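What TrEMBL says about this protein:
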- 1-87: domain 'Transglutaminase N-terminal' (DOMAIN)
Amino acid sequence: LVVRRGQAFNISFSGVEQPEQNLTFISETGPKPSKANKTQATFGISSTASKDSWSAVLQSTSSNSVTISISTPPNAVIGRYKLSVQSTSSGSSAPTSLGTFVLLFNPWSSGDDVYMANKAECEEYVLEEFGVIFA
């Protein structure tokens, strides 16, 4: 999964009762994730998505399955993230891995440092199929 900063993505999983009360999500990137370096975030389910921090919003529930929308902040560290969930109702204190995703910059989001107001330049620089990469 590849996601741009400031963009939401959905995850679905089963086996959860009262997800809004019992789930805590953990996103981590890098070799030594820490909240101080903004490479680790812990967040629960809220009623609305945050534009400035990691957030989770319950989208739907059916029988024993839930769909949750995860939103990323526009200033999050770019990289490969591990997403885990911790359930307080299961009695286990160990988080369960939900998988990994890659977080990229987002020139379409005004909150991102790389935001490009000129749509024509954004098309040329970001969406062009051919170009030069300077290393």
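Just so you know, the numbers here start at 1 and follow the chain as drawn.
A Cβ is built for glycine as well, from the same backbone N, Cα and C atoms used for every other residue.
Heads up, TrEMBL stuff is auto-annotated, nobody curated it.
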Query: Reported in the order helix, strand, coil, what are the DSSP residue counts of the domain 'Transglutaminase N-terminal' (1-87)?
result: 4 helix, 48 strand, 35 coil
Task: Report the mean pLDDT of the predicted model across the domain 'Transglutaminase N-terminal' (1-87), rounded to a whole number.
output: 91
